[in-house]
Amino acid sequence: MTTDIASVSLPDGERIPKLGQGTWEMGEHPARRAAELAALRCGIDLGMTLIDTAEMYGDGATESLVGEALVGLRDQVFLVSKVYPHNASRQGVVAACEQSLKRLKTDWLDLYLLHWRGSVPLAETVEAFETLRSAGKIRHWGVSNFDTDDMEELVATPGGKACATNQILYNVARRGSEFDLLPWLAARKMPAMAYSPVDHARLPKRSPLNDIADARGVSVFQVALAWVLQKPGVFAIPKAGRIEHVRDNHRASQLQLDVRELAAIDTYFTPPRSKRPLEML
Ligand code: NAP
């Protein structure tokens with residue numbers, strides 16, 4: 001396994017890879033299964049050893065695929081899953097986690113996230129996460145799709161300061177969080193986990209990304225991913241169901257955009273000048 005992927009620190013100092021792998025929409029089509037398993041294993045071999053999944057994905061089918069991909073490799077991976085908001089009650093979180101562990105064929109999750117905020121009081125969800133942590137079923141917990149006001153409320157909740165990360169939509173075309181949420185997280189040494197780092201393959205057809213990609217002999221996806229990975233305190237989880245995309249994403253982690261390229265990107269994908277509500281997919 002190569003280890004040329006940079007790392008970021010969780011608030012407790014544990015280092016995790018800056019580049020991981022997403023899994024949304026994997027495990028849903030039998031015809032793609034072999035390619036998806038090969039892609040995930042190739043990524044692990046290349047050092048992209050953080051894998052993100054969720055009970056929601058494919059109604060559990062994605063977690064089952066990940067469990068299969070990890071046979072014999074579990075100890076090498078930092079495994080992340082997410083609980084539905086409607087399962088986020090004191091007993092619901094524990095029951096949902098048990099089901100995820102079964103599908104993932106493992107005894108523990110490295111990180112367990114609340115997928116988005118629902119109607120269950122945050123204090124109840126935090127208490128359930130801490131119960132799981134004490135039982136050794138999860139090592140860290142965090143949230144997803146929380147805007148700055150949600151984060152404020154979370155850290156004011158008993159036990160809420162133990163949150164390890166906030167998984168948010170962040171890429172070159174979705175920069176609203178740069179105004180207040182990313183600085184808020186950075187001030188608390190809490191890394192942001194960037195989902196859809198290549199905007200779910202919906203990047204504009206023509207933008208400065210194309211010029212940079214042409215000049216560098218790489219793809220626009222690689223430029224977009226390199227841009228996210230260059231942000232301090234941010235780690236990213238692109239999903240790639242094909243080995244060639246996994247290899248490209250790994251190569252993107254070695255790409256350093258220069259000041260001129262970053263400025264060209266800013267002229268087209270302008271940074272926010274005022275608060276924008278957090279977008280989600
Ligand atoms: P994404 O990673 O931005 O984009 C995935 C798409 O881009 C796929 O169609 C993939 O194609 C393609 N792709 C990836 N790398 C490529 C490359 N180098 N060249 C060309 N195409 C490439 O979008 P995402 O799946 O929405 O987000 C990533 C992960 O974040 C998800 O899988 C999931 O784990 C997580 N997520 C979380 C939330 C949340 O609410 N917390 C929401 C969305 C996503 P192939 O698959 O064909 O290779």
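Keep in mind that glycine also has a Cβ here, set from the backbone N, Cα and C atoms.
Per TrEMBL, the listed range annotated as region 'Disordered' is 1-23 (candidates: 1-23, 139-161). Sequence-distant contacts of the region 'Disordered' (1-23) (same chain, at least 6 residues past either end, Cβ-Cβ under 8 Å): 39-40, 43-53, 57, 62, 65-66, 76, 78, 80, 140, 163-165, 188-191, 195-196, 225, 229, 233-240, 246, 249-250, 253-254. Per-residue pLDDT, averaged along the domain 'NADP-dependent oxidoreductase' (18-266), amounts to 98 for this model.
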